[in-house]
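Per TrEMBL, these features apply:
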| type | residues | note |
| --- | --- | --- |
| REGION | 1-68 | region 'Disordered' |
| COMPBIAS | 1-31 | compositional bias 'Polar residues' |
| ZN_FING | 67-96 | zinc finger |
| DOMAIN | 67-96 | domain 'C3H1-type' |
| BINDING | 566, 616 | S-adenosyl-L-methionine binding site |
C-alpha cells in the first residue's frame, strides 16, 4: 500500500510474483463492517477509556440497528468475559447473543461460522483433519537407543499431535506419568508439536488412546495418530556403514538412524512392506507429492488463482479496518479511511486487483532443495512435504512443480543420484548430525523479452550451492568427495540435450540446526572439470569469483552466492516500475533504497531521480551493488553497509 503525494490513501495493487506458491490460507467469508460510532466524545468520559458506543439500548427500541450483535466483542473475549459497555455494547458477548448478518452469514470468528464452513466444505475439511492425523517422518523415531530394537511394532506405537513446541522427551514422559499412562518409551524433540509413544501390549495402548484422544491441553485437543514404518533400503545403510572408517568421528547412531527410516503416516505406495516383511494394506491413501506442498494452487487455472489471492487480500484489509475501529480509544476521532470504509464494503481503500506475472511456469531463478529421505526411505533431493515442527521430515522429488525450472530439477536429480553412492550421511533433523544438507540452484538469464513457452531457453548461467556440515570429518576425504560431486555435476550437465549451463559450484559449510545459514558462513569454491560439450565459460577467473549474472529492465546484475535477488525476474520488472510510478519520482528526488540487497530497485530507478542511497547490512550484497552500478555505468548511486 502506498501513499499518494496529497497524503490520501492510494488504491492498492498487488503484484503476483509467485504465480502458484501462495494460497495456504483460505479467505474468510465476506462480512459487513460494523458502522462507525460517533467520533465526538461525551463530556463525562475519560480520554483514555475504550470508545463507547452511543447506540440506543435495543430493549428501548423495537427496531435495533440491522448489524446489532452480529459481531463478537473482542474486548469481551480478551478481558475474560468483561466489557465496560455492558448490555449497551453493540457487539455480542458470547455465542448466545450473536445474531446472523444481513447476508445470512455469521461472524467468521464464531463457532457457528466455523461449523458452517465445515458443512460447505465437508470433504476439504475432512481431508484436512485426516491430513493432520498423518505425520510423515523420514528419520528414525523408534530407534534402538531406548527401545532396544531398530524398528518398533507399529501396532503398539502411537503419535501424539498438538504437544507444546518447547517440550522435549522428559516433559512428554512426565505428562504421560501424570495422566496415569503406562508406556514403554516416549520421545519428543524440542521445536516439534508431535511426540512418539510405544507400549508393551495392546491393553496399554487401548487405555492410553481412550485417555488421551481429544483431551483438552494447552488450549488445544490432543490427537492420536498411527505410526506405520516404511520399507527401507538396507543397502544404503550397509554401504554407509562399510565406507565410514574409524578416522571419521560421526556417530554411527546417526547413520543407522538415517538409514533405518521410519515414517508415521498412512500414505504409502502399493507393494510397500513393513520392517518385519509384512505387506501394508493396499487401501492406504495415495502419497502426498511435493507439488501439493509447494504449489497448493497449481490445480486451479491461473485466473482463478489471481481471484483467490485477491479475495485473501481483501479479507485481510477488512480485518484491518475492523481492528482499527475497535482499537480507536474514546475521545479520538476515527480516521477518515475508516469512516469511508463503509462506502467500499469495509475496505480501507480501493483494491485494483492482482497484476499477472509475465511468466507462470519455471519462473523461479533460485530454488533451495532439501536433502532427506522419501516416504520409502530413499535418499532424496527435493521439497519437504510439511513443517518439521509438525513432525514432517519426508522429502519428495520436485516432480511437476510448475514454479521450478527443468534445469533446476535436472541438477537436483543429478545430486540425488550421487547421494545413492555417497559414503557421507544425510543430515538428520532429530540428532542434528550428518553431512549433506541442501542444494541451491541459482539461474541467470540473458537480456531480451521471452514468452512463457521458451522462457528457460534464456537461462545462460547457473550457480550450484551445496550446503554441508563437515564437523568431525577428515579434510582429505571431504575434499575428495567434493571433487567427485563436481565431476558428477559436470558430467550430468554435459550429458543433457542440450547441455546445461554450469558456471559456479560453491560449498557452504554450516553447523547450525536450521538450513538457514548466516551470511558469514564459510564458502568454498570448487573447480568444475571441463568437458567437451559443457557450457562453462572460458575464463577461469569467473569460476573463482563465484558469481553469475541476471538482467532486469535491460540492466545487468552480478549475483554472489548469498546475495538476495528477486526470484521472479520478469515480475520484478513490473514491481519496480510500479513502485517508481507510485513514488512520484523526479530529477530532484533523493531515493532511499532500504535493505537494498544487490541494489536492483535503486539502480533500475536511478535514471528517474537525482540521487539514490542504498542501505544494506549484508557486506557481500553491498559489494554486488557497487559492482552492478559500475557494470551499468550508473554514477548517481551510493551504498552503505549498515543496519
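Residue 1 is the first one shown; counting continues down the chain.
In case you wondered, yes, glycine gets a Cβ from its N, Cα and C as well.
A TrEMBL annotation is a machine prediction, not a hand-curated record.
What you are looking at is a predicted structure, and each value in this text was computed from that prediction instead of being measured.
Regional average pLDDT for the zinc finger (67-96) in the model is 78. There are 21 other CB atoms within 10 A of the CB of residue 566 (S-adenosyl-L-methionine binding site), with all protein chains counted.
Residue counts for the zinc finger (67-96) under DSSP, helix first, then strand, then coil, are 8 helix, 2 strand, 20 coil.
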